[in-house]
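Undergrad: Handing you this structure, nothing more for now.
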Amino acid sequence: MPSAPTWPALITTLIEGRHLSVSESTWAMRQVMRGEATPAQLGGLLVALRASGETVDEIVGFRDAVLEDALPLDADPRALDIVGTGGDPYGAVLNISSAASIVAASTGVPVIKHGNRGASSASGASDVLTALGIDLTIAPERVAAVLRETGITYAHAALFHPGFRHAAATRRELGISTLFNVLGPLCNPARPEASAVGVADLSRVPLMVGVFRTRGATALVYRGDDGIDKLTTTGHSHIWEVSRGAVTEHDLDPLELGIPRAPIEALLGEGVEENAEVIRRVLAGEPGPQRDVVLLNAAAGLEAFDLMGDPTRVQQPMARRLREKVTVAAEAVDSGRAAAKLEEWAAATRA
């Protein structure tokens, strides 16, 4: 009978170049979520994993423990999450996923966004949504009600995963991308069946794809060639399409969609309030590179949702599918529905 895991044994396993099993990973994350791991133990785990490179089994084990500990979110899982890992080399990319989520919801697709405050970036989803008037302090049951009333809601990680607070200081002090950047997009407590997920670190794409594939989930996983966890407009992006256990890879040039190239500087923000103001302007219909990148990423979410209902869509060229979805997203913005959706959502969280 194998002996019970210990922190020295697990960290030694990693620094010797070996990997943790699913059960060992689950044990370690349970310790973290319960506050039973010391900052030194957690820091050692995060750094050792970062150095050795996480495996799908390790991420599955960590994810299982996080969801086991999560507060329930009673919502129809036939919904969409648009999210990114963060951890890009710039540290100041606009909150594109948050804006894209609002646009997607304004087209009629139910959106359950999951996120947290910034740890490895200047402005996390929770930060910018607060600045946009979304009340993150509502009770978990109210979060589900807001989805039913408005078609969009936000699962604030600090609310639904209270155990994450035990890792916050260590993550902040390390200041690097860690396994938590990978876990975030995988731990939505509502378990939505469609996901559009940006991954900044190319080495971690197989992890994200592998977990979605193992779950039998539907997802578009993507990364800009400029290193951002978004479909970019500065150049090409790579997309990994996961459907029914199969993975199809695509290369995307925004020019194929009629979207002009933009300098990376146009996609960077200066802070929470500034990012919120950019989102307001985009939702109000202001043209420019910020609008273009939001529409592109909203299109990815819309395509992931449609793929969930019709897996045969994988047979069509990705550029054609996304071009159609960009048109849908643009119409939602230009009609005023996207801006109205933000106001409706904010009001519902304050009701």
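All positions are counted from 1 along the displayed chain.
Cβ atoms are placed via backbone N, Cα and C, with glycine included.
According to Swiss-Prot, the feature 5-phospho-alpha-D-ribose 1-diphosphate binding site maps to G84, 87-88, 95-98, 113-121, A125, an assignment based on sequence analysis. What Swiss-Prot records for G84, N116 is anthranilate 1 binding site, and it gives sequence analysis as the kind of evidence. The Mg(2+) 1 binding site feature in Swiss-Prot is assigned to S97, K230. According to Swiss-Prot, the anthranilate 2 binding site annotation covers R171, on the basis of sequence analysis. Annotated Mg(2+) 2 binding site per Swiss-Prot: D229, K230, in sequence order.
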Undergrad: I'd like to confirm something. Which of the binding-site residues, G84, G115, N116, has a Cα closest to the Cα of R171 (anthranilate 2 binding site)?
TA: N116
Undergrad: List only the single closest residue to G115 (5-phospho-alpha-D-ribose 1-diphosphate binding site), chosen from the binding-site residues S97, D229, K230 by CA-CA distance.
TA: S97
Undergrad: Hey, how far is G84 (5-phospho-alpha-D-ribose 1-diphosphate binding site) from D229 (Mg(2+) 2 binding site), Cα to Cα, in Å?
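TA: Per the Cα atoms, G84 (5-phospho-alpha-D-ribose 1-diphosphate binding site) and D229 (Mg(2+) 2 binding site) stand 6 Å apart.
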Undergrad: What's the CA-CA gap between S97 (Mg(2+) 1 binding site) and N116 (anthranilate 1 binding site) in angstrom, rounded?
TA: 13
Undergrad: What is the interatomic distance between the Cα atoms of K230 (Mg(2+) 1 binding site) and N116 (anthranilate 1 binding site), given in whole Å?
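TA: A Cα-Cα distance of 17 Å.
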Undergrad: What number of additional C-beta atoms lies within 10 angstroms of the C-beta atom of S97 (Mg(2+) 1 binding site)?
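TA: Excluding its own Cβ, the number within 10 Å is 28.
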Undergrad: So for the residue listed as 'anthranilate 2 binding site', how many other CB atoms are inside 10 Å of its CB?
TA: 21
Undergrad: Check the binding-site residues S98, N116 for other C-beta atoms within 10 angstroms of each C-beta and report the one with the most.
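TA: Of the binding-site residues S98, N116, the highest Cβ count within 10 Å belongs to S98.
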Undergrad: Over all shown protein chains, what is the count of other CB atoms within 10 A of the CB belonging to K230 (Mg(2+) 1 binding site)?
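TA: The answer is 29 other Cβ atoms.
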